[in-house]
Amino acid sequence: MTRRRSTSGTSSRSSTDSGLSVDTAYLEDNKHNNFANGTSGLTDETKYRDVEDAEADVDEPFLPTSSKKLGSGSRTRQIFWALVILCLGGWVLALVLFLTHGRASSQTASETLQQQESDSGSTSAGRPVTLQQVLTGSWNPRAHAISWIAGPDGEDGLLVQRAEVDKEGYMRVDDIRSQEGDDVDSQSGRILIDKAAVRVNGETLMPTFTWPSPDLNKVLLMSNHEKNWRYSFTGRYWIFDVATQTAQPLDPSVPDGRVQLALWSPSSDAVVFVRDNNMYLRKLSSESVVSITKDGGEDLFYGIPDWVYEEEVITDKSVTWWSNDGKYVAFLRTNESAVPEFPVQYFVSRPSGKRPPPGLENYPEVRQIKYPKAGSPNPVVNLLFYDVEKDEVFPVDVPDDFPDDDRIIIEVLWASEGKVIVRATNRESDRVKVFLIDTKSRTGKLVRFEDIANLDGGWVEPSHYTKFIPADPSNGRPDDGYIDTVIHDGYDHLAYFTPLDNPDPIMLTTGEWEVVEAPSAVDLRRGIVYFVATKESPTQRHVYRVHLDGSNLQALTDTSKPGFYDVSFSDGAGYALLSYNGPSVPWQAIINTGGDEITFEKTIEKNPRLASMVETYALPTEIYQNVTIDGFTLQLVERRPPHFNPAKKYPVVFQLYNGPTSQRVDRKFTIDFQSYIASNLGYIVVTLDARGTGYSGRKVRCAVRGNLGHYEAHDQITTAKMWAKKPYVDETRMAIWGWSYGGFMTLKVLEQDAGETFQYGMAVAPVTDWRFYDSVYTERYMHTPEHNPSGYENSTITNVSALSKATRFLLIHGASDDNVHIQNTLTFVDKLDLLNVQNYDMHFYPDSDHNIYFHNAHFMIYERLSNWLINAFNGEWHQIANPVPEDSIWDSVKRSVPAFAH
């Protein structure tokens, strides 16, 4: 599932959803900009719809227009009655303000609602946030990524940089210690590539990606990049020699071949690569290439994942792993011959880049994707090994393995002396087996088994953060081991398993909080484990360290105030790039973690431009709260417009995603579409992380298993009813919207609510029947359709009669969505047609995938969402027969009496 974004910030902010090769340099911009450049109909000069008490209510954009036609009498009579109504309205308004103000003052908090904190420092003065700013990334923090690299002689703190203006050489390796303080030695680094343009056999190459060899004597270059799926791509690969500054094709016999993956050996003497779904080995001592496999093809993949493994299991382009000593290569063999195909049509573009045969120019291009839907055959995946010295491929049979049709391999980790740790789950992801394989003896055994279905009824998410801990008797580690994330008392925590076959770990962390993508790094010399966790709050992230025996847990970041941190460590964990991502304006710094005290060595980003914008724009105020529903404590943020007046009535928009393990309520700094709605349109925006979401423990997370949509919708509706009772909320103007899983949830809420609480909804790229979505994701949370037929039926959007009771809803889908297929929306619309349900609008974007970008679509869709929402809260959708908004009385008066226009 996509659109895994988060939402939060300080008083003025909310928030926006990598493995890094050395193509990204230290101090290189890494803006994570999800928006394409372009233009929008809104500008910074767009009139701000303020909500100050001194302004006339009729100027507010969300007030409904009249739904009755004005009489056809004389203009004078019209003006007279308009003035009478205005005077009467003013008297009534004064009375209402008095009563509501008193009510607001005397209101007591609901026992089910517990406010954590109110960020009250939002900027109320200044211009509103514009949609164009949001879509073009004007509010995105400037961020940098460091490509840490291990030194060939064990040096720590080395990093790769590209194209620094104050340093010579296109690509270089620097020691972070040479940059401490203000006196940076610009000549201290080692140049790997002198010039960006590389000449090879008379051809000029502009590398897209670069990967230095571990000994830093060679660089793997990639040019002619072509995107495949979310993480995968192809290109032409070259081996660049640092000493001579010359390059040659990775495979001299096929210089124009498109390579899908290439990886250096740890000993820097060979490259394993995949081309046309087969694996090859190029030893640098020879220009010839060795074929590791020969039968790869359309349905058989070696070393790279198919679509569903790339999307839902590995979240990477590689399923190939070198052993630490470079003697073996482990890789997956993926057979998807039994997986059914789904056709994705392109009506405008031709992504293949191929000209159609004569006579077929007017037919759409069709891409057939092997896409296993829930209940259909999965790809069969097996782990194979290649002995480099013997030039031999072999499997290792292990006892108690899952059957071929019930196996998902989620992680492969090399240990020492040819040993491998393999984690696998069953098809429904609720039984985990950990195997220890010895490639020298070609034997294996089961060393751990976790029956999660019986433990808490939940599931396990694929993760790839397990760390190998080599033996070091002189440092108190007599045996090899590894650190893994396990379930402990209902929360995700770090466990240290040693020796490798020991199923009983040393718990490094415990408590009612969770580690996140952990561990981040391990300092083997000092025996310290670094990790990020939610120890202070589910909405926060702080960096911690703990010793390998589980003692002396310490925070590296300031936990006395809300914070959302991320961190990347040098190879030896002696240095780190610390990124503060909110709630205030983000910053980044290099820190030294090698001593007992953490010291700041160099601040590399303060985002001064963003800090200036925060001071000059009218930003929403964010109120973070807890909501308790049916005994579950859930996280919520309410975004209030600038100049919020509790005596007024505001429309409310609920924005949600709510996919299993996801999070939208966090303390990141983000100015996004929700911020625009609150700042510019003057609406309140509420986001609730309902049951099923992540980082609040497994009780909250696993409650939705087998029945997606039911409890999440109940939580959203229950919370909306709480808000509808608030004195500052207009209960007649409440909407909900979401994208992807959020689109599914929007329809599920409208179905369950049946017009009682929400009048409007906007669903983008929604799943409408989980039998249409991919098997790996769906069955993890729903079991198979065979095992849970009633759950699938309950989760399907079927009660269209209930949706007809909403005032109106909007459906949007990309016509070439390869993730959530347009089949979902079309079959749902057929149900609407059968019962003559007409209270909806629909829009398709040609050739757009799940992100909806093709041909200006990304700007179009957000403008459409914004305008549709304005029309909804202005009452236009009440006029089903005539959806063109009529003039309000005030507009008629302004045209009749010029003085009123000013």
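A Cβ is built for glycine as well, from the same backbone N, Cα and C atoms used for every other residue.
It should be emphasised that the depicted structure is a prediction, and the values quoted were computed from it without experimental measurement.
The active site, charge relay system feature in Swiss-Prot is assigned to SER740, ASP817, HIS850; the stated evidence is similarity to another entry. As annotated by Swiss-Prot, compositional bias 'Low complexity' applies to 7-21. Summarising the annotation, Swiss-Prot assigns N-linked glycosylation site to ASN335, ASN626, ASN794, ASN799 and lists sequence analysis as the type of evidence. For 1-23, 53-72, the entry in Swiss-Prot reads region 'Disordered'. Annotated topological domain 'Cytoplasmic' per Swiss-Prot: 1-78, in sequence order, evidence recorded as sequence analysis. Annotation source Swiss-Prot lists topological domain 'Vacuolar' at 100-902. Taken from Swiss-Prot, the feature transmembrane segment applies to 79-99, supported by sequence analysis.
Overlay of Swiss-Prot feature records on the structure.
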residue: ASN335; record: N-linked glycosylation site; Cβ within 10 Å: 15
residue: ASN626; record: N-linked glycosylation site; Cβ within 10 Å: 16
residue: SER740; record: active site, charge relay system; Cβ within 10 Å: 24
residue: ASN794; record: N-linked glycosylation site; Cβ within 10 Å: 14
residue: ASN799; record: N-linked glycosylation site; Cβ within 10 Å: 16
residue: ASP817; record: active site, charge relay system; Cβ within 10 Å: 23
residue: HIS850; record: active site, charge relay system; Cβ within 10 Å: 21
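According to DSSP, HIS850 (active site, charge relay system) sits in a coil region rather than a helix or strand. ASN799 (N-linked glycosylation site) sits 20 Å from SER740 (active site, charge relay system), taking the Cα positions as reference. DSSP assigns ASN626 (N-linked glycosylation site) to a strand. Comparing CA positions across the recorded positions ASN335, SER740, ASN794, HIS850, the one lying closest to ASP817 (active site, charge relay system) turns out to be HIS850. Note on the topological domain 'Cytoplasmic' (1-78): its mean pLDDT in the predicted model is 35. Classification of ASN799 (N-linked glycosylation site) by DSSP places it in coil, neither helical nor stranded. For ASN794 (N-linked glycosylation site) paired with SER740 (active site, charge relay system), the C-alpha to C-alpha distance reads 19 Å. In three-state terms derived from DSSP, ASN335 (N-linked glycosylation site) belongs to an extended strand segment.
Per Cα geometry, HIS850 is the residue among the recorded positions ASN626, SER740, HIS850 nearest to ASN335 (N-linked glycosylation site). Rounded to a whole value, the Cα-Cα separation of ASN626 (N-linked glycosylation site) and HIS850 (active site, charge relay system) is 32 Å.
Taking the C-alpha positions, the distance from HIS850 (active site, charge relay system) to SER740 (active site, charge relay system) comes to 8 Å.
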